[in-house]
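Asks: After the structure tokens below, expect a handful of questions from me.
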């Protein structure tokens, strides 16, 4: 009897699973996804597992106002590419925007959001950060920004005050500040070189972004395709070469033994006041505060030249919103996306998570942890990190780590130029 | 079917006469192979074909295209294969992987054989000590390597500084020249118990009489080991070397946990390179790499099988 029961329930499970598998196939009509009770179920993929609670609340509020729509949150971004392979992407999604997402845009994965009324509230400068990567069909809007992160130098205000150091506005002042801390026996910068990505996002992106026209460089080298060589005017050697000594100088301000420390070590050590500065973005703020809630932090953009007017901040398009191009639930998806773009949702999210709102009418940022970069953000004095422009098949983090350890600039430039050409040849980027 | 026979026969009087027929048929065809064996093999074969062979063939197919893992693709012929041979990063990963596999095989077998000899001797608390030595085997490689990563990065440099051993004061993992050694050490720590078990089995199969005879002839311990133990357990040695080498060629998780392929590109194994194709939009290219690597391991396996057969050992 028992066996019979379990067998019957097994059939039931199999039946449900089978129906679930068949549903997306048959469900191409306009009424697809609408349950028998008239409720449309949207799948919402969200790229930040640490803010699940926030979006659960947003979804609850949205569902209260739209009883005919149910939203299911999926915060496992690893499901995204498999969902494309299955031809069943989530209806609405958030993603970080850089090379990888831009590739999806070029493949026509996302719906065109041009003319969506809610999108008109977005600051064109912020929208341009997305559009500059190339648009599908020349003029489509495949993604709208939701949250911008401004990465600079996180500093310990107490240590700065104790040694009478003001926030440096030129490279020379920065070097002098590092000298002051060193003389006082304090590590100027906490280095976490074991995690190679921290070198890329910190020393590499800050110096190249502050001294070069990164976006221009990459649009030229991408245009050149596989015809690139080391002595071409578009090559890394001829553009990044002059920045390398400064990158090495910056990396050398780290505490001794930085090669053995990773990002988690860095957050813990910086929270304990073991260094004056930390080359990290706002995502490091909350782990640091968690380790020491009394620490007073601030952020300033790294001055990479001696002209304060040149100083820019590294911006990360942390979250963009998109709709799947072929979703049969387009209307409900647009309603949900528009709700996400309302000032209450966007602004309160960004305020809560030490990020910047991309809306035209964003309230002034008063959070002392990031207010040091607010003016730069408001004036559009920012760049996207050079590291974000590389196709993922170029192991840039490893090359940068190698450069910092071996200090061999010649080899680094030759390697990166050669690797770029090989990838361009085989993928025709 | 035939497994239900005894029950069926017992109930033969009340049920249909069919079971009786079946039993007769089975008895008649005694020389035929019992279908049960097919029932044991066919599902596994089907699963293997569907989940291993078929995807592998799909991978071979896509290695001839420029497929990124999704989206459009077109045939590019053998150019992926040609490009692999021109890619110094891939070639470096081959050099590293083979060097590592050789070093790890030698080290694992030396260590495992020494441990097995020790554990086979009449020492105190032998069972307890054996258990301790086998613990690394049940731990996941990824966890082991995270723990060792901490030890290499923090504990070892701190100790070295205390005792003034300057070469060790900076982490081995951060040194492009020596990171491989740390990986070999952890691999040995994790792989030695498995090899030790095989050696122990071998040592226990050697009858004690041969040692008594050798002792009477005046052979010393080293002589006994070289001229008796080693030849008698040679089959086990060969098995360990072959299984070990094959396993170390696919090394992945320990490197991911310890160095992540760094510092720089110093410790990228072939398996890591291949896997990077899934995340890097380089799917087709790394599939070509995987096909090449498959052929290489296949050739090595065939050579090793030949060697085994010559030794009269069968796996």
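Even glycines carry a Cβ here, placed using N, Cα and C.
Straight from TrEMBL, here's the annotation block:
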- B:1-17: compositional bias 'Polar residues' (COMPBIAS)
- B:94-304: domain 'ABC transmembrane type-1' (DOMAIN)
- B:1-28: region 'Disordered' (REGION)
- B:37-64: transmembrane segment (TRANSMEM)
- B:94-119: transmembrane segment (TRANSMEM)
- B:131-152: transmembrane segment (TRANSMEM)
- B:178-201: transmembrane segment (TRANSMEM)
- B:228-249: transmembrane segment (TRANSMEM)
- B:290-308: transmembrane segment (TRANSMEM)
Asks: What parts of the chain pack near the transmembrane segment (B:178-201), using Cβ distances under 8 Å and only residues at least 6 beyond its ends?
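Replies: Same-chain contacts beyond the ends: 96, 99-100, 103-104, 107-109, 111-113, 115-117, 119-120, 130, 133-137, 139, 141, 144-145, 148, 152, 172, 233, 236-237, 239-240, 244, 247-248, 251, 254-255, 258-259, 262-263, 266-267.
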Asks: What stretch of B:94-119, B:228-249, B:290-308 shows the most Cβ pairs under 8 Å to the transmembrane segment (B:37-64)?
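Replies: It is B:290-308 that shares the most Cβ pairs under 8 Å with the transmembrane segment (B:37-64).
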Asks: Would you mind listing the long-range same-chain contacts of the transmembrane segment (B:94-119), meaning Cβ under 8 Å and 6+ residues beyond its ends?
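Replies: Beyond its ends, the transmembrane segment (B:94-119) has Cβ neighbours at 126, 129-130, 133, 180, 183-184, 187-188, 191-196, 198-200, 202-203, 225, 229, 237, 240-241, 244-245, 248-249, 251, 266-271.
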